[in-house]
Every structure is written in structure tokens, then in C-alpha cells.
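Engineer: Pulled from Swiss-Prot, these are the listed features:
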type     : residues                                                              : note
BINDING  : Gly40, Leu41, Ser42, Gly43, Gly44, Val45, Asp46, Ser47, Leu66, Gly152 : ATP binding site
DISULFID : Cys127-Cys237                                                         : disulfide bond
SITE     : His153                                                                : site 'Interaction with tRNA'
REGION   : 156-179                                                               : region 'Disordered'
ACT_SITE : Cys237                                                                : active site, cysteine persulfide intermediate
SITE     : Gln385                                                                : site 'Interaction with tRNA'
Amino acid sequence: MQPPIPAPLKHVSRTPATPAVAKALTRLQCWPGEQRVAVGLSGGVDSSLSAALLVEAGWQVEGLTLWLMSGKGACCSDGLIDAAGICEQLKIPHHVVDSRATFQAEIVDQLVQGYQQGVTPLPCSRCNRSVKFAAMLSWAEKERQLHRVATGHYARIRHREDPEPQQALPGDSSGRHQLLRGLDQNKDQSYFLYDLSQDVLAKVIFPLGELTKAETRQEAERYGLRTAKKAESQDLCLADHYGSMKAFLDNYLPARQGEIVLQDGKVVGEHDGIEHFTIGQRKGLGVAWREPLHVVQLDATANRVIVAPRAEAGRDSCVVGAVNWISIAPPSSAIDVEVQVRYRSGPVAAQLIPIEATAEDIAADRPHRCRLTFNEEQFSITPGQAAVFYAADAVLGGGLIQQINTASS
């Protein structure tokens, strides 16, 4: 038997704090079909307000927290306590799903393996696809017969049944749900969501997609939510859990000294592990040289960090594999796109050309691959990170950077 539909929050004024909040509430109130949802609660202010807005809009809401790691931290006991407290405030049920084994196998072990191979992995997009949304939807449907989940991500989805017209995109987008950037450019998280499937997009709600972080804080305080003034966690939950990414890596990988060299092989310094470096890095190299040096390659076989002056560090082409086309069908010919190659970097113009997939990608059921040629040289194209393709604020797709090269190579 399902729990009763919770009453709207009585202590909240009926006048939303901002027009964006009013628009979000109206959209939720007018949502077609069954208004029952599981809200992923991390214990932070973003997911807390998402739950509060859904309750205010009259939805039947159940809180769901994934237990990802043991110990203290945003993903652990501290987050669980705050998530439970929010559910108590909102008078909604709270459930905890133990996902530690899946998180260890799919994220931690894969992350460590990637660093050992000399790449800089992007665990957040993999976690969204393989752990978070998979676990939430599986639990919601099997245990509570709930067919939608909501989270506090700053992104938007233009569902195909929405009354608002879909964006015109380069490529075939007919019959597809479209993933869009969040309106707050400083908090937009669409970069980490490119790998979701159409089936998942159909069942997901992002109540904060039209809000800024400041509006979220303001509205959370208006609700009196216990997490309204909670400090931001780090972008990477593992860094938050261990105190820093270096502490996480030191916990799993023993120090392995090697050389820092120029592209011609000249030794200019030493390092304690290639996993502590990333492409484009300039600070913290521990190298005294006549001009600033940038990391241009991590050679796992030779255990070397390869550096170069900025004039030699630019790259204008890369190969992207395991591509997921989310808002359009896979293109058969070249298209012009904007590309984001790091979460905190802005989009840059490039031409995308589909190329033949590797046997490894095909075996993993990820048969799409492409070459990107950038209009201007880039200095932080990093194997293991995602290259996400945009048209204006729509996410066309994305994949993992496999190879960096110049246009002539």
C-alpha cells in the first residue's frame, strides 16, 4: 500500500521568491500523467529543494538516498543524516539503498585503473549512468512502482511530450527527449549527464534547471530547510570523502617515482606518480625552467610526465570514442558543434567527423566514434575526460577522449 499524498508545506508563503521558482512550480503542477516520484537526496541543499518544490506542487514524493561509501562525508553518514532530516521536515518517507559494492566496482576500481594507465578519468558521468540513475530507477520501479525520479542537478530536459517546442538541432532529433544546459551557467551540470539514455531521460525530472544557485539558497531558506546554508561539497565526491583527490590516490596507489621530461627526452625533474598530474597542468610541477612548462602527455609505460612550453603544448585535434548520441541520432557526415572538454572550461567551436569505431568500443556496445578538429588550438585536451558536443544549450552527445593529435597526424 502506498503512503498517503503529503499535504503541501503549510509554513511557506504561496508567493514564490522569484519568477523562476514560480515557473518551476507551475511546470511541476501541470505535469502530465501520474505525479508520483522518488527524489534522490544527497543531503545537500540542491536535492533538498527539489524535494520541497515537488511536495509544494502536490506530488506524492518519497526520498531516496544511495549509500555509496562508508565513513563520514557527503556521500556517507553526514549526507544520510541530513537527507533523513529533510524527509522528516517535509513529512515524506525516506529510503536508503546500499550501493557501496556497485560504486566500488564501477567507479573506484575503474578510476584507479585509469590513473594507472596514464589517463585522467571522469568518474561523475560514469557514476550518473552506471550507478546513480540506474540504482534509483531500479529501486523506484521494483520497490515502490514509481516510474519517475528527480534530482537536484542543474540541467533541463525538454521531454518530447512537453508543450514547449523542441530546439532545432543539427541532425535528426525527431521523437527524442532533449537534454539542455541548466540556465545557471556557473552551475550547469549537463556535461556530466551526456551519457544518459533516452529511456532514462524519459523518467527524470530536474526541478532546479531554470534556477540559479542563489535562487536555490534563497528558496531553501524560505522553506526553512535544514540544509539551506550547508556548505558546498567538492565537485568530486571522492575528493570530498578523502579530503582531497591526492589523499584518495595515495590510499590506493603506492608512490612510484619517475622522470619529468621535455618532448625531446631531456630530464628536467622527478615526480612521485603520474596519477598526480593532468594534461594542461602548469602549477605544482616542481620544475625550475627558463619558461613555464605544461603537461602534454602522461606515459604510463615509461612512468614519465612529458612537459613542454605553451608554444608547443597546443593541440587542434582529438579522437573521441564510446560516443553516446543523446539528443540527436548518430550523424552520418561532418557537423559543426561546440565542444566542452572539461567541466570548468567553456565551449569551443569544432568540426565533428564520424569515424570507424574500435573493436573494444563495439564489444562494449558503444559503436560510435568521431574525430574533432578545433577551430583554435586547445591546451587541456585530456585522455579519459569527456568531450561533450553542444548546439547552443542542447547536448547533442559526448564521449571519452581517446587520443590527442594535431590535425596533420
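Glycine too: its Cβ is placed from the backbone N, Cα and C atoms.
Predicted, not measured: the structure shown is a model, and the values here were computed from it.
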Engineer: At the level of the C-alpha atoms, what whole-angstrom distance separates Cys127 (disulfide bond) and Ser42 (ATP binding site)?
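Structural biologist: One finds 14 Å between the Cα atoms of these residues.
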Engineer: In whole Å, could you give the widest CA to CA gap in the ATP site formed by Gly40, Leu41, Ser42, Gly43, Gly44, Val45, Asp46, Ser47, Leu66, Gly152?
Structural biologist: 16
Engineer: Distance check, please: Cα of Leu66 (ATP binding site) against Cα of His153 (site 'Interaction with tRNA'), rounded to an integer number of angstrom.
Structural biologist: 15
Engineer: For a quick check of understanding: among the binding-site residues Gly40, Gly44, which residue's Cβ has the most other Cβ atoms within 10 Å?
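Structural biologist: Of the binding-site residues Gly40, Gly44, the highest Cβ count within 10 Å belongs to Gly40.
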Engineer: Under DSSP, the region 'Disordered' (156-179) has how many residues in helix, strand and coil?
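Structural biologist: Looking at the region 'Disordered' (156-179) with DSSP, the answer is 0 helix, 5 strand, 19 coil.
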Engineer: Could you measure between Ser42 (ATP binding site) and Cys237 (disulfide bond) for me? Cα positions, answer in whole angstrom.
Structural biologist: 11
Engineer: Can you tell which of the recorded positions Gly40, Gly44, Asp46, Gln385 lies nearest to Cys237 (disulfide bond) in space, using Cα positions?
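Structural biologist: Spatially nearest to Cys237 (disulfide bond) by Cα position is Gly44.
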Engineer: For Cys127 (disulfide bond), which of the three DSSP-derived states applies: helix, strand, or coil?
Structural biologist: helix
Engineer: Around His153 (site 'Interaction with tRNA'), which residues of its chain at least 6 apart sit with Cβ under 8 Å of its Cβ?
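Structural biologist: Non-local contacts for His153 (site 'Interaction with tRNA'): Asp46, Gly182, Gln189, Phe192, Leu193, Phe206, Leu208, Gly209.
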Engineer: Helix, strand or coil for Gln385 (site 'Interaction with tRNA')? Use DSSP.
Structural biologist: coil
Engineer: Would you identify the secondary structure of Gly40 (ATP binding site) according to DSSP, in three states?
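Structural biologist: Looking at the DSSP assignment, Gly40 (ATP binding site) belongs to a strand.
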Engineer: Under DSSP, is His153 (site 'Interaction with tRNA') part of a helix or a strand, or is it coil?
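Structural biologist: Going by the DSSP assignment, His153 (site 'Interaction with tRNA') belongs to neither helix nor strand, so it counts as coil.
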